[in-house]
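Asker: Encoded as structure tokens, here's the structure I'll be asking about.
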Amino acid sequence: MKDNKKSSKGRNFLVQGTILAAASIIAKIIGMIYRIPMANILGDIGNSYYSTANEVYNIVLFISSFSLPLAVSKLVSERIHRGEYRNAHRVFLCAVRFALVTGGVLSIFTYAFAGIITKYVLSFEMAVYALRVLAPAIFVFALTGAFRGFFQGFSTMVPTAVSQVIEQIVNAVVSIVCAGILYSYGMSLAQENGNELLGPAWGAAGATFGTVVSVTVALIFVMIIYTLQKRTLSRQIRRDHTERRESEAHIYRTLILTILPIILSTLIYNISNIADMGIFNRVLSSQGYTEAQYGTIWGIYSGKFRVLMNVPLSLASCLAPSVVPSLTAAMAKRDKKEAENKIRMSIRFTMMLTIPCAVGMAALGGPIMEMLFDMETGLPLAEGLMQSGALLIIFYSLSTLTTGILQGLGKLKQPLINCSIALVLHFALLYFLLRGANLNIYAVIYSNIFFALIVCILNALAIKRYLNYKQELYKTFVIPAIVSIIMGAAAYIVYSAFHVFAGNTVSTFVAIIAGVAVYGVGMVSFRGITIEELAHFPKGHLIIRGLRKLGLLR
């Protein structure tokens, strides 16, 4: 009975992670799809302005609220495990007030100092319009994060998942429409004063307006879900006979102490992006490049390469929120075996999906770029970035996940230390590759791979030290790598064969389908995944039945 119970919990953990992963992938795919026409509207320089505003926006979000869902889910999960529903709800209410203050203050700060940040820090003066439009979204997102964290603390990822999909759909429609309208407006202004960058700058501002509208819709959605669930929650609170009532002061202190290490560690992850941009722009400017020239290069990197990379990277970023409360509950029970099982499952699940994605991107990066974007110029650079940066998918996914694992184990400071060490080494390598080796945008790629690799190594050593845990290597890394290489070769051969008589789009689609089929068959044939593990997937019994009909399982 006990084993069945643990199996059920393991299944629920994986199902919740899969739900959030699926929603995140859908959201990322929607995001990638709408970025295609938007990128074609804005052009590479407009993409660089849009990305600049979003980099600053993301940094401010990490400071104000991005870590709030993770922290709230952790604190709520601890209290739910102890049956303290009243205290869990008080955590949520304090989180909402916290979000109101931090989100409001930082929204005002961003709007007021947008000009200084874009001109003097990032050397992208014309990005100021986009950043100012984004400022109100910081406040709205902070409130949304409190609600999402509350639901995640109850081990239900559905409200977060659905709200993410809705958010992206609204974002896609509004961003494209407003980007087109304001790009035309900016071009009319450019004809009056001769500044050709006004069109891309105003177009980027229109694109960021979609973010403001979409996060507002997402907030309304989670508030409606909360209202619908309030009756059930009130009943649970009435049944809570816990004598201990946490004071608001204690909750705020616990919330802040939980948030700060998470903020700092995740901020270090993401501050590297905006710092890379600033360093890259200043070095190239000193080498004689104009803002339009280095902006175009950065636009291809941020608006095309990173847009594609973010789809597989979303797997780890969404699995981490599901693993944190799950590990927190296991550690609260002092159940080391359950904690180790969840770590093993999450890492295997992530590698099983991200390794083939990396190989696929390297094999078909150029054709995918050509299929999705208007690549009259810049295709050789874009293809080179895809091939050189494919390893980012693996190392960034693993570093993000292992950071979440350490946070779930209650070791909140360790990821901060590990990321800080990696960041210092990253900047040193970046500056050398830009100045000494003159590698241009490839310096950013290689230094980011190095950064993620160092974090992976340090996190793995920390997990081993705290739990005496070591990840199984053969099924986690070796088999997926072998099968992925076979898959990549098959996909490239299929693409080359079809491209002789068919267009790029048809050849790419056929190659991707062939690659997925080869990988799926290969993983089963090489025993990279077992029947028991397949059964843990949503609708796993249907997958098993289908594989048995094909003769791939006995």
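Placement of Cβ uses the backbone N, Cα and C atoms for every residue, glycine included.
Quantities reported herein were computed from a predicted structural model and do not represent experimental measurements.
Relevant sequence annotations retrieved from TrEMBL are reproduced here:
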TRANSMEM  12-36  transmembrane segment
TRANSMEM  56-76  transmembrane segment
TRANSMEM  88-114  transmembrane segment
TRANSMEM  126-147  transmembrane segment
TRANSMEM  168-186  transmembrane segment
TRANSMEM  206-228  transmembrane segment
TRANSMEM  307-328  transmembrane segment
TRANSMEM  349-369  transmembrane segment
TRANSMEM  389-409  transmembrane segment
TRANSMEM  416-434  transmembrane segment
TRANSMEM  440-461  transmembrane segment
TRANSMEM  501-521  transmembrane segment
Asker: Is the number of Cβ-Cβ pairs under 8 Å between the transmembrane segment (440-461) and the transmembrane segment (501-521) three or more, considering only pairs separated by 6 or more positions?
Answerer: no
Asker: Thinking of Cβ pairs under 8 Å, which stretch from 88-114, 168-186, 416-434 has the most of them with the transmembrane segment (126-147)?
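Answerer: Result: 88-114.
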Asker: With Cβ-Cβ distances below 8 Å as the criterion, list the same-chain residues six or more beyond the ends of the transmembrane segment (206-228) that contact it, or say none.
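Answerer: For the transmembrane segment (206-228), the far contacts come to 38, 42, 50, 53-54, 57, 130-131, 133-134, 136-137, 140-141, 143-144, 147-148, 150-151, 159-160, 162-164, 166-183.
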Asker: Quick check: do the transmembrane segment (88-114) and the transmembrane segment (56-76) share at least 3 Cβ pairs under 8 Å, counting only pairs 6+ apart in sequence?
Answerer: yes
Asker: Apart from its near flanks, which chain residues at least 6 from the ends of the transmembrane segment (56-76) lie with a Cβ under 8 angstroms of it?
Answerer: 88, 91-92, 95, 98-99, 102-103, 105-106, 109-110, 114, 117-118, 122, 131, 134, 137-138, 141-142, 145-146, 148-150, 152-154, 160, 208, 211, 251, 254-255, 258-259, 262-263, 266-267, 270-271, 273-274, 320-321, 324-325, 328, 404, 407-408
